[in-house]
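Before anything else, here's the structure in question.
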């Protein structure tokens, strides 16, 4: 949430009544704190300020700062401690442990994945889904991050410690931490394990659950999860692999699609759907909102997820009490209620666009589309050849607009055609008369303003364009390049289709575009011949898909699209 710089709206000293209310809120939110500890955290006389800010994603956050350090922040009426507070009260939240190398990824805005957890001998802390948790590093109990559990401990173990474990809200070294004194985490020794504190049956249960996911060594070596590299021995050079790479490699295609599905679901609810939109057809929610939230370069395909169907996925989300789905008419389901205060929505951080988008695709990786370089040119016709001959251009030569202007200006100056009494006028010699004047103007028009002369010259030239595809030789064609044409056609009283033409001119394969749109819009598509156009192809998509198509093309290329409703 604070991985990038935020914008401060206001910074004011707290009032006495607000101070008392804050103490009450802290007592209610963190029941493990005693009265003395609450008074210590929220002192009665020391200066305490309220900072209202907007994150780089637009979330409104209230931060409470004491002695220059942020100690608490409030998001959508939920109160969270900062790392500065957790260093003073390390037992305030259930704490999970990860490797030091993972911290860099967390500071960059990544969530903590379960394969990155280190399982202590006493087992993982017992939490429920949605609980606020802290994250510490191996060898130091001082928390370096806080987040919300994406599943309960039992579910983590049942899943074999695979998948997303925690949605992180704040980390050491992020911009919220930088607004304080930028101190480093104190050294807090991990708790000494007393054999009487650990139930033998509890440890055995955790080990049995872990055995479902990976081998548990019984030869005195540290317990390791499947795919996890062992820590180096103290006698070695200390070099280790990157655990964050293991987190990505350990996920199957189905798990990646499940994560993408949940990401698009939460993204759509947080940013696109409003209370006034309800009730909202589930098909509209998927087609108009979830697919629009799919990161660039990725394709959301529910059939490749473990849910297989949208209705099954929404049932799971309803069980988590995020949304409420009802069948308002026979066979048609709608989302009728959304809990926008749910921890999963409140803690969701909108992902940054990927600079190198990758498509979730089985067996291969789809290369990102690189649009062609399209440039407008002008071709010299026979009637204009005399004007351009002095500059070395012949009939059929192609020039850019800047070259045309430079050639005309150079001709006028060389032949001393600028009016001596009015520099804004150009005298017309026989060559200019023959090139740009109509027959009835030959003996009446003797001078022209600069702008009029230049515009007449451009009108007399023939339009052309050059298309250069990456890695290929430029192609020059006469005429104007046609834009991609998107038309909404009515096929019957209640049936519409979206028709797209002229994709080939920009290096886009109609069949590939149809395949992508079929998955993104969840609608039938077809590729047919364009009536009356030789070798022309058009893509037809069922329904009004202009929004999805326009968005797909705009993120893939840098050219204009004509859209006819």
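Cβ atoms here come from the backbone N, Cα and C positions, even for glycine.
Keep in mind that TrEMBL annotations are predicted by a computer and have not been checked by a curator.
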Of the ranges 155-177, 178-200, 270-292, 293-315, which one does TrEMBL list as region 'Disordered'?
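The listed stretch tagged region 'Disordered' in TrEMBL is 178-200.
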To which of the residue ranges 28-64, 65-101, 102-138, 213-249 does TrEMBL assign the term region 'Disordered'?
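Checked against TrEMBL: region 'Disordered' maps to 213-249.
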Can you tell me how the residues of the domain 'SUI1' (484-557) break down into helix, strand and coil by DSSP?
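Secondary-structure breakdown of the domain 'SUI1' (484-557): 26 helix, 27 strand, 21 coil.
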